[in-house]
Amino acid sequence: MSFPDEETDLLSEAKHCIRNVIHRTHRKFLENRLIGNFDSEDFSDAWKKKFAHAPTWCDADMSLQQIKRGKAVGNTVALTARAFFQLWLFRIGCFVQRWAWSTIFISLFLYCLCLGGLRHVTIETDLVKLWVSEGGRLNEEMGYLGQVKFERESGHLVHKVKRAVEQTTEPPAPAVKAEVRRGPELPKENGLGGGFQVVIQTPSFDGQNILSKEALQQHTKLMEEISTYEVKMFNETWTLSDICFKPPGPSFNSGPLAGIMSKLLDKIIPCIWITPIDCYWDGAKPLGPNPPLNLGPEVASFVSSLPPGNVTWKNLNPTSVIKEVGTLFDLGPIGNFFERAGIDGAYLDRPCIDPLEEECPKSAPNYFDRCHALTKFNEWNMAKAMSEQVTLERKIIPKDDGKSDIAETILNDIFGKKRRKRQADTTTKKPATKKDEDYYEYEDDADYLAGIANSTIAKKNPEKEAKDLLCLEYGSSLLKWMQENPERLGEFLTKEEMPDYPNYGDVMTGGCKGFGKKIMEWPEDLIIGGIQRDNGKLVSAEALQSVFLVSGAYDVFARIKNDKTDSHPGLDRHHFQPWMAGEIISTWQRNFTKRLYSHELNRERRQFHPLASTSIADMLEEFSQFNYIIIVIGYILMVIYAAFTQGRFQGWWLAVQSNVALAICGVILVTISSICGLGFATHLGINFNAATTQVVPFLSLGLGIDDMFLLLHNYDEIINICNKNEIGVLLKETGMSVMLTSINNILAFISGYVLPIPALRSFCSQTAILLAFNLIFLMFIFPAMIGIDLRRQRKGKRDLAYCSRGNPQMATSQSVPSNVSNMSSRAELAGYEKQADEYKRHEPWYTVGGFLNKIYIPALKNNVVKACVLIGTTTAVVFGLYGMYTSTLGLELADVLPEHTPPAAFLRAREQYFSFYPMFAVLRGDKLDIPNQQQLIEEYRAQLGSSKFMIKAEGKLQPYWMSMLRVWLQSLDMALEKDLAAGKFDLTNGNPIKVNGEKPSPESMIAARLVCSFGTNYNCDGRLGKMKMVENEVINPEGFYNYLTGWFNVDNMMYYVSQASFYPTPPGWEYNEKLAKVVPAAEPLLYSQMPFYQNDLIDTPAIVKMIEEIRATCEEYSERGLSNHPSGIAFTFWEQYLTLRWNLFQAICIIALAVFCVISILMFNPWAATLIMCIVVITTIELGGFMGLMGIKMNPISAVTLICAVGIGVEFTAHVELAFLTALGTIDQRLESCLQHMFVPVYHGAISTFLGVVMLVFSEFDFVVTYFFYTMTLLVALGVFNGLCVLPVILTLVGPKPELTPTDGSSVLPPPPPLRQQYAEKSGGVEGGMRKRKEKRPAEVEMSARDSPSTSSASHSSDDESSPAHK
């Protein structure tokens, strides 16, 4: 009995059948859904011949059929994937061919929906927003203060105070009239204007020494002109004095002259100028005030130190005035302030640029005595004959007009109140005691003035008066004559009497000082450029730089809103808003730059280079607009080239086979596609910038047209070898290459997003979006247009002459339903028999095709040529590596502006002459404990100052807020110690005590109030006389924030000068003798800054080295608990260079990996992807090296070009590689096949890319020409050489094997027989197998089924033989 064996055999056969069913079901799904089952019966003999040489290129599905039939072996996984892509590309092509017009209209309608975004286009012109890295520490640091303000004001920030603060039951005394104070908006320097308005003066001719009388006078005159520039807005006239940054006047004690002095100082406190003319008395000229103050003789009569007539900084000695007024009235600690600030005689003790200047004061070191000179001149002149005598012009001396308006106001303020007080006082009693406020005891004002006059006026000397009058009348005329005739001065003056012109180099060595000599020190490198020295002294210079500061909008608003002098009567103060102040500032700045651009000294050669915060933004906005003329010219050139390459002539007009109309429409629709892409990008919130408007239109056109030429090239061939579903076949064969290059280009620009520069991210994003839109156009709209053109050609109509017929030489096209499937071939194409003849082009040797076939391909097959190519490539790579090694970092700020514009000229002058940059060290955060970290802060500042890039004035760093606070407190400690020794204070409560009728000094009274204040407590017992506010150079931590409040309010001018920029600002407070209350403690500081000046930052490597050094120090002290960061233009615009190389390496790795993965997925051949990557890497190295050798510096813009080179390089290699991979035959045959297939479209694509790029040469921006035109042109040249020359040579040596190899070893593979024949073969094979199975034993049947490949293959596909007829 054999039943167990039979059961086992049956069970095994059942399992085998189940496996076969599952396998067949799986294969059926793949073939039905993923593979097209294309039928060779549908194609012409010419197409079959093409298939025989490149089967997998033409039809991967038919290649799989041959593998199944055992006619070939190959990578079935790759071919299955290829067949899937080709099936869907074929279906897309068939669909757009059938519904061509509908596809075009619907696609264009959807595209046009994106145009709505163009209504909201924003061109970003803020260079800081364009350049500062997004998401990095720099971005966080720049936004820190704004974020802290927002959090604090919205209540989200809970500040952890490190010292115990107890809530007092009794609120402190109201400070300054219960006013909520806001800190000043200190000007921010970003190197591009900001609050710092800059003027650079350069020589009028080459070799001029600008340290000369004439040049310095020109600079002085310009400063005076700037101070008078005005604009009219809001019914008022505004000048620089209305908007400039000026410190507030110092505080005065309450008294009869306190308010008056405050008003006077508010009018006379000047704008802060940083200028080289501050070395001279002439520096006072632009300070004003304008118009001058005329206090009249009444005021001058009792303040003899005031100059008679008009009062300006040219004749004002503020220290003398304060001292004299201080003997009459109690002015508080103002004298102490003047001494610490070093105001002294202001400008009156400085030399005059020209001692013959009429207004040069007598106190000037080189004052010229015109009266003595006039006497000598008259003696000399009178000795001459009448005909030779010099006639001087007499000056009319005006009579005094009496009291001025301001004098009347002052006198009324002083005396009016007293008169009213006396009139109201009706008592006959004599006051028992005289109060301190009663400084006079005259019956009326005239008696008071007469008393002062009698005590100061001496007896008159008639002879001296006559001499002085003569000098007044003719002195000015004499000085003018002497200036015009310097060669004749020796005729009446001795050598000792000659005018004493200063040695300008000696005077300006070491820099200059403002009106506050101790607090306003302008380093030499800030104000003088192109310096030459001799023994440390300046001997010549080539440039002068002046800076004046403009306040923030809110400060100007507050100043005007609270102005009690009613200086702008036409302004509606009730409706005045901060934005209006901002408009005034920006309008004045634009007027300032406009006036200097057109200055008379800038006509022949630009000497004055201005820059305001609006300058660069305005210039970028103007030149960032689309240049439609250049764009139109560029697109016309592209149309002409496309039409030229696609034109075919027959007789007098274009032939039927010509594609000029397609080329023109393609260029136009690529343009429309790009415009719609920009609209879509705007919908996504991507702003435009100069790179967008100047580069993207041309770059997207050049890259978008490449694949259009590939489609047109294959279209010429397809219509001559196919008569059915031509567009489907076109996309099936060409669509893979189009997708391969387009996707890699898109990925390349997406990878550029790794660079954190906003402008470059916008550029890369917009370009990627435009390329994606172009890809959709190439896959849908353009094939539909080709389908329409195909109908023309089938009808025999000439190109661009549809009423004229030509010789079509082709059969009429037929089409299949759009739902072509794997089952459609035989039934739907039954009856189709007509085949097209094989098509060959006529290509003379001078055409691209003729050169290729007759010269180029034979040359590449020569081993000597191959060796030369490889040696040349190796050499280029070596030079490339050397060039990359020697390349330097850098992008000059002037390069990002149009070359011929004034802002660019300013930046070039600055780069040439001034390597000076300001910076701030910022202390920040709620974890700071400044009172107890004073020593750490000093160490931090000292270590920063030890950098070789830091400027030290006379070996010392720039003073900062804590050092100024410490000096102020030390001066108060000294005053308090002196008055305590004199017994002028009650030690228990701090109240002042008169000793011999004298009260304590104002400084000591403020000091006593501060010593008794600590936190929220006020207690003098045990503190007065026993402790100081500053001990061993350390401020007492217990009362630190109380002292800070006192300094901020009493010494507020010093606060402004310190540029501390406190946040939160201390509360308001003023000294009140009658209210002994605590000085309110300031809140712990969340933000403060200390200024530094840096020099020798001549280029990007030096700046990067400085940043690394400063950053290292900042990070060290942050780790030690002192949260801080640096700030300034150098950090703003060069910070990204610290990570540029890493970001570039990262981006190139990302795009390289992406390209490798895309090629590997689409080709399913890692070795082919590796070879492409090798060529792309070679191209990138060569490009980077040549950029270095050409002097193109490495920066974020050139980094984008290198990143994109990886993706764009695929454009020139992927086509050739794919054609080589799909070709059959020997190495040389495959080389010839791939070049014949791809050389012409790649060449035309390169030319079209170059035509798109070449229009960049007309850009106004240097960086566009340098970093896009030069590099992109070089990239195209390298890409063509490496793609069409180096890659083919490498492929002949180490190229991948063909995807398919005929089993018979031949170099051709004919297409498979028609599907109906294959079905018949399979059916016959199955029936024969079944008959044999019945004759065999079960074991033999099982063995036969497993061992026979052909039988197995036939049986596996037996279920697939359900032909449409069966169904």
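Placement of Cβ uses the backbone N, Cα and C atoms for every residue, glycine included.
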Based on Swiss-Prot, do Tyr846 and Tyr1319 face the same side of the membrane?
-> yes
Filtering Asn310, Asn819 by Swiss-Prot annotation N-linked glycosylation site leaves Asn310
Based on what Swiss-Prot says, identify which of Asn591, Asn822 is the N-linked glycosylation site one.
-> Asn591
Any chance you could find the range in 98-118, 626-646, 660-680, 768-788, 864-884 with the most Cβ pairs under 8 Å to the transmembrane segment (695-715)?
-> 660-680
Taking residues 6+ outside the topological domain 'Cytoplasmic' (1165-1171), which of them lie with a CB under 8 Å of any CB in it?
-> 75, 78, 1155-1156, 1159, 1217-1218, 1221, 1287, 1290-1291, 1294-1296, 1299
Using DSSP, tally how many residues of the topological domain 'Extracellular' (759-767) sit in helix, strand and coil.
-> 9 helix, 0 strand, 0 coil
Distant-in-sequence neighbours of the transmembrane segment (660-680), which means Cβ under 8 A and at least six residues beyond its ends = 108, 111-112, 114-118, 121, 635, 638-639, 642-643, 645-647, 654, 688, 692, 696-697, 700-701, 704-705, 708, 712, 715, 766, 769-770, 772-774, 776-777, 781-782, 785-786, 789, 799-800
Stretch winning on C-beta pairs under 8 A with the transmembrane segment (626-646) (pool: 738-758, 768-788, 1172-1192, 1238-1258) is 1238-1258
Flag the pair the transmembrane segment (1144-1164) / the transmembrane segment (98-118) as in contact if three or more Cβ pairs fall under 8 Å (sequence separation 6 or more).
-> no
Whole-number Å value for how far Asn310 (N-linked glycosylation site) lies from Asn591 (N-linked glycosylation site) (Cα to Cα) | 29
Quick one: mean pLDDT on the topological domain 'Extracellular' (885-1143)?
-> 88
Residue counts for the topological domain 'Cytoplasmic' (1221-1237) under DSSP, helix then strand then coil, are 13 helix, 0 strand, 4 coil
Proximity of the transmembrane segment (768-788) to the transmembrane segment (98-118), 3+ C-beta pairs under 8 angstroms | yes
Any chance the transmembrane segment (1200-1220) and the transmembrane segment (98-118) have 3 or more Cβ pairs under 8 A, given the pairs are 6 or more apart in sequence?
-> no
What is the interatomic distance between the Cα atoms of Asn235 (N-linked glycosylation site) and Asn310 (N-linked glycosylation site), given in whole Å?
-> 28
